[in-house]
Amino acid sequence: MAFRVPNSSLLSLILLSLLAIASAKVFFEERFEDGWDKRWVTSEWKKDENLAGEWNYTSGKWNGDPNDKGIQTSEDYRFYAISAEFPEFSNKDKTLVFQFSVKHEQKLDCGGGYIKLLSGDVDQKKFGGDTPYSIMFGPDICGYSTKKVHAILNYNNTNNLIKKDVPCETDQLTHVYTFIIRPDATYSILIDNLEKQTGSLYSDWDLLPAKKIKDPEAKKPEDWEDQEYIPDPEDKKPEGYDDIPKEITDPDAKKPEDWDDEEDGEWTAPTIPNPEYKGEWKPKKIKNPNFKGKWKAPLIDNPEFKDDPELYVYPNLKYVGIELWQVKSGTLFDNILITDEPEYAKQLAEETWGKQKDAEKAAFEELEKKLQEEESKEDPVDSDAEDDDNEAEDGEESDSESKPDSTEESAETEAEKHDEL
């Protein structure tokens, strides 16, 4: 009996991966199992205004494992703020991996699904939208224009948005978002364990002034040829070109039989555009033999640039917090992880989302099918239309009575929050 020997390089990779996972330092890991509520503090932010939303502990309306629960927003037009503390640490000389899963069950049209990492001392009971944070990461959806992953880094007390566009998932299933920051100031953003963006903290955020700038003293040389095409000096205008009329008498026009010259005046044939007329003559263009390209000022060292070898460092990370405003509730968070090992994060994602995603999708599709079947069993079209009219009238009254005054400003509030990000 023959045995196949594993490829040595593949075996080495597997061993390295196992060693990395075994040596991983986990700073925070929350799977929302028993006792989770003792680790998390719900903020009193917005409670005085009756705008603080309640969190539900649930696996959601559809899931891949009913025993795997997370926390879910439960009330529309509400603010949400909750946080957990962990032993303070610095990511100096370490890779920082921030990961969590999120599901929007509510067909989200405007709202966030991001989480924040906070530093220093925070009054968790007062944690809210004005609380300073170090990192904000996760999906954000609002209308047709905003469907992206936020990756905001605080540097010198300024929040800096990533300059690259990273599209987020927009369906109603669970997805895993991972943000990796390395000691060499590079980063990666993953969705469902697949890399969606990578680059440098130097180039993809405006954390520092540019290393190079255009020389303000440089001027384009007078003899610089930046026209790629020029008129052909050998091209000559054809003889008689300017004599060609723009319009000519319509050769097909005929004087009407009932035309009376004495009463109607002398008949004149109408004119039509002359097909021979080509407009103002211009010589044809040829490639400029002296073309040097578009002139650009040379780059020089920026005197205002000062490198920061610890650009990637957050020296006193201590809290993870979820702070949201949601017009429609139903966003569910789970499996929040902060570690120094990407392989451990990948393994956690596969153990949770990876094992459940197919069952969750099947459960969602089954529920959608049942809803469609129920809709098809409704009353005939005419009755439906009549009912819809009645419901619309009732709805207008009930909406005006049931919504708090603050909801009238909800669209403006949401727009303001997105403008601030």
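Placed from the backbone N, Cα and C atoms, the Cβ positions cover glycine too.
Swiss-Prot annotations:
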BINDING   TYR114, LYS116, TYR133, ASP140, GLU323  alpha-D-glucoside binding site
COMPBIAS  223-232  compositional bias 'Acidic residues'
COMPBIAS  233-257  compositional bias 'Basic and acidic residues'
COMPBIAS  350-380  compositional bias 'Basic and acidic residues'
COMPBIAS  381-399  compositional bias 'Acidic residues'
DISULFID  CYS110-CYS142  disulfide bond
REPEAT    215-226  repeat '1-2'
REPEAT    250-261  repeat '1-4'
REPEAT    279-289  repeat '2-2'
MOTIF     418-421  motif 'Prevents secretion from ER'
**the repeat '1-2' (215-226), counted residue by residue under DSSP: helix, strand, coil** = 0 helix, 0 strand, 12 coil
**Request:** Please average pLDDT over the motif 'Prevents secretion from ER' (418-421) for the predicted structure.
**Result:** 52
**alpha-D-glucoside site, defined by TYR114, LYS116, TYR133, ASP140, GLU323: further same-chain residues with Cβ within 8 Å of the Cβ centre** = GLY112, ILE115, MET136, PHE137, GLY138, HIS150, ILE152, GLY321, ILE322, LEU324
**Request:** Drop a 10 Å sphere on every Cβ of the binding-site residues TYR114, TYR133 and tell me which sphere holds the fewest other Cβ atoms.
**Result:** TYR133
**Message:** Looking only at the repeat '2-2' (279-289), how are its residues distributed among DSSP helix, strand and coil?
**Reply:** 0 helix, 3 strand, 8 coil
**Request:** Measure from the CA atom of TYR133 (alpha-D-glucoside binding site) to the CA atom of CYS142 (disulfide bond) and give the result in Å, rounded to a whole number.
**Result:** 22
**Asked** Widest Cα span across the alpha-D-glucoside binders TYR114, LYS116, TYR133, ASP140, GLU323, in Å?
**Response** 17
**Message:** When secondary structure is assigned with DSSP, how many helix, strand and coil residues does the compositional bias 'Basic and acidic residues' (350-380) contain?
**Reply:** 27 helix, 0 strand, 4 coil
**Item:** CYS110 (disulfide bond) and ASP140 (alpha-D-glucoside binding site), distance between Cα atoms, whole Å
**Value:** 8
**Asked** Are there any residues in the same chain, six or more apart in sequence, whose C-beta is under 8 angstroms from the C-beta of GLU323 (alpha-D-glucoside binding site), and if so which?
**Response** SER43, PHE79, TYR80, ALA81, LYS116, PHE127, GLY128, GLY129, THR131
